[in-house]
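Participant: I am attaching a structure below and will ask some questions about it afterwards.
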Amino acid sequence: MAVKMITIRARHYATGAPVAITVRDGRISEVVQVDAAQTEELPIVAPGLVDLQINGYAGLDFNHLPLQEETVSQIIRKLWREGVTSSYPTVITNSPEAIASALSCIANACAADPATEQGIAGIHLEGPFISPDDGARGAHRLDAVRPPDWDLFCRWQEAAGGRIKIVTLSPEWPDSAAFIKRCVDSGVIVSIGHTAADAGQIAEAVAAGARMSTHLGNGAHLMLPRHPNYLWEQLAQEALWSCVIADGFHLPDQVLKVVLKVKGEQALLVSDAVAISGLEPGVYKTHIGGEVVLTTEGKLHLAADPRLLAGSAQMLLWGIEHLNRRSLVEFSSAWEMASTRPARLMGLPVSGGLLAGAPADFVLIEPVRDDGRISLQKTYKAGNLVYDRSSGI
């Protein structure tokens, strides 16, 4: 069989140096610096984006039942135009039967289509083991919230073909620590989110192996004690990686700045995007939030009250743009918050980024504009060109 080889010339996203990246059979085989002549005409090359939490895209939803295998595959392919090469479809709080159905469909889609299998690094189960409290519960169904149940989780994991890799839960429930330890022992990352847990319960969860905070600062009560509270405690826990939604609406810049300063390399970007992401501004009806409005500024809110968010409608590229435009972090760090860092937490081979030996998942973008905007040109997955803006593939 002939060896498939390509060479890409571009500027490295972190150093700005012109490089030639050689790809052989889906992996980066060599990265060398080249002559700096005509550097300005070269695109920027950066690692493919990794989204740990995504509910849907372009009008398609992982939680709209009955879910179809084709829907799953369409979402994964459409995400290529957003630079996302690895993602964790997120299945949220629902009845046990509905969750099993969604998980089974995602697993079947992976088994039926190699591109879907490659694009889905795992499944994120967000709920139903979360807080029943208003505010902390967010938009999750109260009647479907339940305490952690290992036997039930095992049935779901079987339906998912072993693909559940992240579980978001609240450690406020009795015996949460034992459940967390079992998850961790089985290779699942446990994330704290949608919680009303006190400081002691969070500390106990971390001791049991919890390693992540789900969209920290959101899915929270409107009013909290000054201290202690579950936000301070999660920030203070050195073992926890903190995921944030940096769309400019979910968290003020001051909060983002604090998370970035405290967590450093353990600060991660997620989109938590709903199905309306990728659509034009307008009024939409959803199966969770009813009638919602997507504004020209990118904010998604309830039609009945513009003050109330109806989820995130922006992708990781938008979050990177926001962090860069507001000078909250350097461009290369913002990019890594959405690529190599989440990959490192999850133990993915793509955590190597643009190093020799890493899978050839990368994107080409135009030089970042003065206003911080990012324009994606091409997306490569395992060395294959899967999106090209100029040709429309």
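Keep in mind that glycine also has a Cβ here, set from the backbone N, Cα and C atoms.
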Participant: Since TrEMBL lists Glu126, His215 for Zn(2+), which candidate among His64, His194, His227 does it give for that site as well?
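Facilitator: Of His64, His194, His227, His194 joins Glu126, His215 in the Zn(2+) site that TrEMBL records.
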Participant: Does Leu309 (substrate binding site) have same-chain partners at least 6 apart in sequence with Cβ under 8 Å from its own Cβ, and which are they?
Facilitator: Phe249, His250, Lys299, Leu300, His301, Leu302
Participant: Largest pairwise Cα distance, Å, within the listed substrate binders Ala139, Asn218, Gly219, Arg226, His250, Leu309, Ala310, Gly311?
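Facilitator: The two farthest binding residues have Cα atoms 27 Å apart.
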Participant: Which one is it, among the binding-site residues Gly219, Arg226, Ala310, that lies nearest to His194 (Zn(2+) binding site) by Cα separation?
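Facilitator: Nearest in space to His194 (Zn(2+) binding site), counting only the binding-site residues, is Gly219.
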Participant: Measuring CA to CA, name the entry from the recorded positions Glu126, His215, Asp272 that ends up nearest Ala310 (substrate binding site).
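Facilitator: Minimum Cα distance from Ala310 (substrate binding site) across Glu126, His215, Asp272 lands on Asp272.
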